[in-house]
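Listed in TrEMBL for this protein:
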- B:2-42: domain 'HTH marR-type' (DOMAIN)
Protein chains: 2
Amino acid sequence: MLDAIRRTEQLSRVELAAATGLSGQAISNIIRRLLEAGLVREAGRQKTTGLGKPRTLLRLEPTGQYAVGVHLDPAVVTVVLLDLTGEVVARHQLVPPEDDDPDVLIDAIAATVEAVIAEAAAPRSRVMGVGIAAPGPIDAERGVVVDPPNLSTWHLVPLRDELRERTGLPVLLEKDVTAAAAAEKWVGAPGNFVFFYLGTGVGAGLVIGDEIIRGTSSNAGEIGHVIVDPEGPVCHCGRRGCVGDTSRPRYLVHQAVHAGVLAQSIDLDDRQAVDAAFGRLCALAAEGPGVAREIITALAERIAKAVEDVANLLDLDRVVFGGPYWEPLGPLFCDRVRAALDGRFTVRAIHPLEVTGTALGADAGAIGAGSLVLDHTFSPERELVAER
Amino acid sequence: MLDAIRRTEQLSRVELAAATGLSGQAISNIIRRLLEAGLVREAGRQKTTGLGKPRTLLRLEPTGQYAVGVHLDPAVVTVVLLDLTGEVVARHQLVPPEDDDPDVLIDAIAATVEAVIAEAAAPRSRVMGVGIAAPGPIDAERGVVVDPPNLSTWHLVPLRDELRERTGLPVLLEKDVTAAAAAEKWVGAPGNFVFFYLGTGVGAGLVIGDEIIRGTSSNAGEIGHVIVDPEGPVCHCGRRGCVGDTSRPRYLVHQAVHAGVLAQSIDLDDRQAVDAAFGRLCALAAEGPGVAREIITALAERIAKAVEDVANLLDLDRVVFGGPYWEPLGPLFCDRVRAALDGRFTVRAIHPLEVTGTALGADAGAIGAGSLVLDHTFSPERELVAER
């Protein structure tokens with residue numbers, strides 16, 4: 001019911017009855033309870049054609065409930081507060097110290113959760129819970145982050161329970177790419193798509209038939225070792241040209257330094273320096289033809305090969321790019337991926353494969369994690385993990 | 001209801017009420033109708049502990065309904081008749097002439113459909129329809145086979161409607177790998193698996209969360225251009241070492257001839273000669289160490305790479321091998337794939353990835369196509385394509 005109202009923004013009881021197949025009486029009873037709970041409100045009347053009396057329109061009451069979304073990326077932690085409509089009403093970021101104790105970082109995350117709730121002046125009783133998106137693999141059943149890249153001291157950290165203890169709120173742990181795909185599903189058109197996540201690693205969030213694909217242990221989306229460049233560098237897995245290894249900003253910056261496009265003095269072991277250099281490389285590539293553009297075009301061609309494999313396996317109709325390193329790459333990148341995919345999508349005679357960037361920017365992971373908590377309001381049959 | 005009875009083989013009304021959540025009265029009404037329709041029968045009584053009266057057991061009536069399953073493989077067409085329990089009660093094969101008119105082959109298939117119905121003496125009124133599994137890509141909406149490999153005269157053949165016209169039965173068209181996955185789902189344990197199809201091409205039938213994954217246009221499962229051997233031969237797609245290209249019997253036989261294991265005289269353009277030579281190569285590999293075994297081990301390693309990519313993307317718990325070229329490869333092959341996958345499945349710390357061969361043999365595609373027709377009896381909400 002709530003989801004039907006959410007998706008159309010506003011709706012009358014008559015339209016709800018048509019959309020849900022419930023009787024007018026049943027609709028009226030449910031709506032009365034939703035009004036009492038403060039989750040929907042009446043929003044004016046709709047003129048009808050003909051003789052019927054005007055219909056009262058219903059909208060979600062944004063302040064009816066809230067959810068916190070956290071995205072734990074090794075480079076930056078993003079914390080958002082979403083209202084019931086999924087709008088971001090407060091947002092904070094914090095940079096995790098690279099070799100710090102998990103306890104210290106979880107303390108900082110808990111404090112930031114409190115900060116976004118306070119900033120929006122959201123009544124605590126209306127905050128349903130916290131969704132946290134973390135790099136995989138995760139042990140979803142135990143709420144444990146197994147071994148995230150670039151957080152060297154994190155091994156088997158019981159993130160879900162630790163955060164629940166500190167905040168007193170139910171907590172739901174999800175893989176970062178899955179959360180990002182959930183965000184895209186929440187705001188985007190229906191369809192079968194991969195959210196291609198460009199972060200410290202690459203990953204694939206999957207939505208098929210309007211369902212998020214999580215796999216056996218909620219760890220779907222691992223694509224780092226797809227071979228995309230047979231003549232590429234040797235990956236730690238022993239093979240050449242894995243997409244994860246050759247998509248890292250560190251690798252691209254190294255290529256640019258080697259080609260003389262960026263200064264020799266960049267310290268490749270300093271993540272922030274590498275991130276800044278990667279931004280400069282993308283800016284140079286956007287300026288016009290040259291070595292910088294060739295490096296980014298070659299990246300687009302490698303990524304396109306991984307997209308091709310996933311899209312052909314799952315007969316997708318869309319690829320959506322996002323993640324922390326997506327924004328600097330910009331619209332140039334989509335064009336290059338499209339060009340590289342040309343003629344390679346097996347069922348192109350039957351339907352096209354759309355290539356696009358997320359409209360959610362770098363916050364997709366955090367928004368997705370929060371939206372999964374809100375999903376619990378809209379589809380109560382799905383339990384919040386913390387309540388198991 | 002029928003599916004609950006099918007899955008447990010026999011069940012009492014009381015157990016059915018527990019399994020479905022329906023009232024005893026509702027169960028009794030439904031069962032009465034199923035008994036009248038001849039779809040279930042009473043099969044003795046079950047002693048109960050305590051004071052209750054003995055419960056009447058219900059079983060499927062195998063002769064209650066039938067479905068025909070056809071697998072159109074370029075090398076051989078298999079036609080089976082399934083009874084309501086999914087048992088094969090009749091089976092015929094025919095070898096399609098390589099460069100023949102589609103009309104001639106469809107005539108032959110229609111005649112074989114009649115032959116299996118006649119052989120089992122199945123009353124025509126109880127034959128629900130024909131499921132036909134064909135190589136992709138297919139245009140599922142129009143029931144059209146777009147461009148199958150090795151059937152050079154087949155382009156945009158309206159197989160579904162042609163076969164419906166000739167047999168007078170509803171016809172359902174499905175991709176071969178999807179049908180094979182459906183068969184495995186019908187007989188096998190639940191789980192998230194790929195049916196890895198080794199035929200004229202390779203393909204991946206997918207089942208996740210007990211649902212068959214078809215994708216946007218029922219063409220999911222295309223994996224032929226996954227790169228598995230960076231130093232392999234150049235594929236027609238322009239890249240090196242695609243899994244489809246390097247898994248063909250023709251390629252393996254060519255390798256064996258080149259290495260002096262098989263006779264120079266084999267005509268690589270004669271499919272039947274190549275198939276026979278491939279059988280000899282597999283037999284040599286099974287005999288013991290040597291060049292033949294090295295060729296098959298290298299094949300297993302390439303296939304393992306494609307399995308690795310799919311299993312990591314979808315967080316699978318099982319890979320099931322099958323298809324026309326699976327049987328000669330035999331159990332040796334599973335061991336080699338397992339060895340090659342060792343350490344490469346990303347979430348191996350969380351759950352294992354089982355590697356196994358199908359128990360359905362070369363008939364998986366045909367059985368699967370028939371089981372999809374039977375599914376219609378068990379889940380009536382899914383329309384038979386021919387009835388749209």
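Cβ coordinates come from backbone N, Cα and C, glycine included.
Whatever TrEMBL says is automated annotation, not expert-curated.
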Original post:
Taking residues 6+ outside the domain 'HTH marR-type' (B:2-42), which of them lie with a CB under 8 Å of any CB in it?
Top reply: 55-61, 63-65, 84-86, 377-379
**OP:** Kindly report the helix/strand/coil residue split of the domain 'HTH marR-type' (B:2-42) according to DSSP, in that order.
**Re:** 28 helix, 6 strand, 7 coil
**OP:** For the domain 'HTH marR-type' (B:2-42), would you mind checking the mean pLDDT of the predicted model?
**Re:** 81
